[in-house]
Structures are given as structure tokens and as C-alpha cells.
Amino acid sequence: MPTPSCFRPGVRVEPKFDGDYTFNTGHVKSFTILDYTIFLLSLLIPTLIGFHQAWRGNTELDDYMLARRSMSYIPVGLSLLASFLSAITTIGAPAEIYEHDTLYVWVGLSFCIVSAASAHIYMPVFYKLKINSVYEYLELRFSRKVRTVGSCLFVIQMVVYMAIVLYAPSIAFNAVTGLNLWAAIVSVGLVCTLYVTVGGVRAVIWADSFQIFVMFGSALAMLFAAMATVGTTTMWESAQRTERVLFLDFSLNPTLRHSVWNLFFGGGFSYLALYVNQAQVHRCLTCRTLREVKIALWMSFPGHFLYLALCLIIGLYMGAFYENCDPLQAKLVANANELTPLFTQDILSIVPGLPGIYLAGVFSATLSTISSGLNSISMVILEDYIRVYVKSKLKQDKERLILQIVSVIFGFVCLEITFLVSKFGGILEVKILNALDTQDIH
């Protein structure tokens, strides 16, 4: 690949930074054996957590489904946070700042509304009713048909979303770094299905607790490497020069892409609907008391805001690093969703293993989202279909087996949908990658 022609729109310039970077060499560095080893280790540990939970004894249905309602708020809060932060946020947020400005920070602040409403309005209702599926409330409030329709829509939405969360980061890293697309998709999908199936909800919660530290560690590694390469002063001067720093815009003009109003209130109401779906309520029901449920939900607000802030700051460093050589203009990447993987290889490759840590962080976010999805789907199938429409009451060991079979089936369904999505290509693939531009919806 020839050395790229670097320019700002309409102005030909020289790259600002000297070194073995893509805009100087014309080629992207590949992952090393050490990077792949770190990535595989990040898949091995959740698997071991799942088998540990199975080995310590979760043969009783209540333990497998709800951890005997004995979990502390700390792992539950970390699990909730991990599942809200998918790989779409990790890759998409820095690209959002690179292409636009810092106004998106108001989405993180909107989680104050979400945490308050879910902790003090919605969860007290579900927790006190002692229901296992949120859609059971629809039957209590309306009818069984409404309950069935609601749970069916949830399953469809969750399966499609899990496929997107699995496919989008894989195709982005594949396009830039040459990461084997299907090796990544299949390994992540199978590992996630395995530990959810054998370990139940405890495995999901404890694996998420591990993965959230990997996610923050990878983001911090990227941030420190960017600070060392670019420099804080250079970053800030570039951000002001390129007008990326914007925190207040209270315009009521509906044609604007973003304003404080649609990000804070619009984002808050959008996320609220997702905070009270089965995937989140299920883990809240494992807490010992309602007070611990509220603490766990409130934990997600500062954690989510901090992680989003880290991603946004990384986006500012990315803007400064590529100020004189826009990768999109120079044809180094095909779309904005590939910017973060490109920046990963440029900034982190100077230290062996660091790209692998970031890759582990991205797919840890994917694992946490898919595991909570599979676990919640199995609960919905049991509670809203098996127990409702099967006339004879099943024994607990058979119901536990049903939960495990459903987890396996939908794990493979997720992989199959991902495979089908890849075959469409063209417009549909662009649409899925554009999910990165609109950020996380889970």
C-alpha cells in the first residue's frame, strides 16, 4: 500500500507526528502472537468462572436462575454496568468525538435520570411482586396475550441485537487489522454460550464483574498511550482549533443533529426503556434486599459516565493525532467505525501486548452484553411459555435442563443470524456498522 496522501479537506499538509504510524508508512500493523494470547486469556477466564460456579453446586433451580436471591450489590452493580457498555460504545464513542464534538457527554449525564427512575419507581414494583419475568406484570395489569406478545418481542429484539453487538466490532477490527472475522465471532459466541449454560446467573454476574475491569483497564491503557504520544497540551489545542469542544447547546432547532435537550432527555427516556427490560431486572432480582437493588442500580450511573468520559477523551486525542491526516480522506479506513481500531494499532503497538489488552476490552464488552441476553431469554422462555402453556407441572431438574437447552439453542441462533447478516453485505452491512455511530442501545 503506498504512502497515503494526507490533507485536511482542501488543504494538503504533512503528518504532524513522525514515527511508524499508518499515515507515514501506508500500512496498518497486525496483531502479534502476544496480542492473541491476551485475547484468548480474556475468553478463558469467564469460561473458568462458569465451570467454577457449576462445580461449587448450582444444581437447584433457584440457585441456577436467581442465585437464591443472595447476591451482594457490588457484583450485581458491576454486572449491570458491564452489560450496558457494549463494544458499540467502546468503538463508537471515540469516533463520535472525532467526527463531531464533545456534546455527546450529555448522554452519560442522562443516566442520572435512568438510575433514579429504575431504582425508585420500577424496580421496587418488580422486586416486591417476586416475579421472575417482567412480562408477568403485563398479565397482571392487562392479559396473558399481552404478556406473550411482549415477551416475544423482547426475544426477537434481543437476539437481533446480540448478533449486531457480536458482528459490528468484529467486522471493524477485521477491516483494519486483518483479525480473522469468523474466528473472533465463533470463539466469542461459543465461549459466552458455554459459561452461561453451565454456570447460570451467578456465572453471568461474576464474569461481568471480571470483564468490567478488563474494559476499564483497556480504556486506560489507550488513554495513557495517547497522552504519551500526543501530549495533553497538543490535544487540547487541537480540540479547540478543530472546534470539537462543545458542552452547551440549548437550541430548540429540531433539524440539529444534537442538542442538550435531545441528548439528556431523549437519551434518558431511551435508556430507561432498556434499564427495565428482562436482562437488567433479572440480575436485580438476585440481590438480597431492595435496598441493595437500589445501590446496584445507582452504581451504574458514575461507572457509565466515567467510561463514556474516557472514550470521549480518547476521541479528542484521536482528533489531534489525525488532525493533519484524516484517515477517511486519506482512504486509510472505509468509514468512521474503523477509526478506533486504526488508532489502537497506531498508538498501542509501540508496547507489545497493549493492542491485545484493548482487543480483550472490546470483546469483554461483547461477552457481557451477550451473556446477559442469553440468560434473560432462557428465563423468559421458561416463565412466559413453558410454565404458562405447559399443563403439567415440571420437576425442577427438568426446568433447569430447559434453561440450559434454551441458552445453547439461542447461542447458536445468535451465531446463525450473525452469519446471515454477513451474507447480505452492502446496504445492510453499512446499516449495522452505522449502529456504532448511534452508540449503544442496550
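Positions of Cβ are set from backbone N, Cα and C atoms, glycine also.
As recorded in TrEMBL:
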{"type": "TRANSMEM", "residues": "33-51", "note": "transmembrane segment"}
{"type": "TRANSMEM", "residues": "72-91", "note": "transmembrane segment"}
{"type": "TRANSMEM", "residues": "103-127", "note": "transmembrane segment"}
{"type": "TRANSMEM", "residues": "148-169", "note": "transmembrane segment"}
{"type": "TRANSMEM", "residues": "181-205", "note": "transmembrane segment"}
{"type": "TRANSMEM", "residues": "212-236", "note": "transmembrane segment"}
{"type": "TRANSMEM", "residues": "256-274", "note": "transmembrane segment"}
{"type": "TRANSMEM", "residues": "295-318", "note": "transmembrane segment"}
{"type": "TRANSMEM", "residues": "357-381", "note": "transmembrane segment"}
{"type": "TRANSMEM", "residues": "401-421", "note": "transmembrane segment"}
Listed stretch, out of 33-51, 212-236, 295-318, 357-381, 401-421, that has the most CB pairs under 8 angstroms to the transmembrane segment (148-169): 357-381
Sequence-remote partners of the transmembrane segment (295-318) [C-beta within less than 8 Å, at least six residues beyond its ends]: 73-74, 76-78, 80-81, 84-85, 89-90, 93-98, 102, 104-105, 107-109, 111-112, 114-115, 118-119, 123, 212, 215-216, 219-220, 222-223, 226-227, 230, 235-236, 238-239, 244, 275, 284, 287, 339-340, 343
Segment proximity, the transmembrane segment (72-91) to the transmembrane segment (256-274), 3 or more C-beta pairs under 8 Å: no
The transmembrane segment (357-381) touching the transmembrane segment (212-236) per 3+ Cβ pairs under 8 Å rule: yes
Best-contacting stretch, by C-beta pairs under 8 Å, relative to the transmembrane segment (72-91) and drawn from 33-51, 103-127, 357-381, 401-421: 357-381
Same-chain residue ranges lying at least 6 outside the transmembrane segment (103-127) that approach it to Cβ under 8 Å: 93, 96-97, 134, 137, 246-247, 249, 258-260, 263-265, 267-269, 271-272, 275-276, 280-281, 284-285, 290, 293-294, 297-298, 300-301, 304-305, 308-309, 312, 439
Beyond the flanks of the transmembrane segment (401-421) by at least 6 residues, Cβ under 8 Å: 64-65, 159-160, 162-164, 166-167, 185-186, 189-190, 192-193, 196-198, 200, 370, 373-375, 377-379, 381-382, 386, 394, 428-429, 432
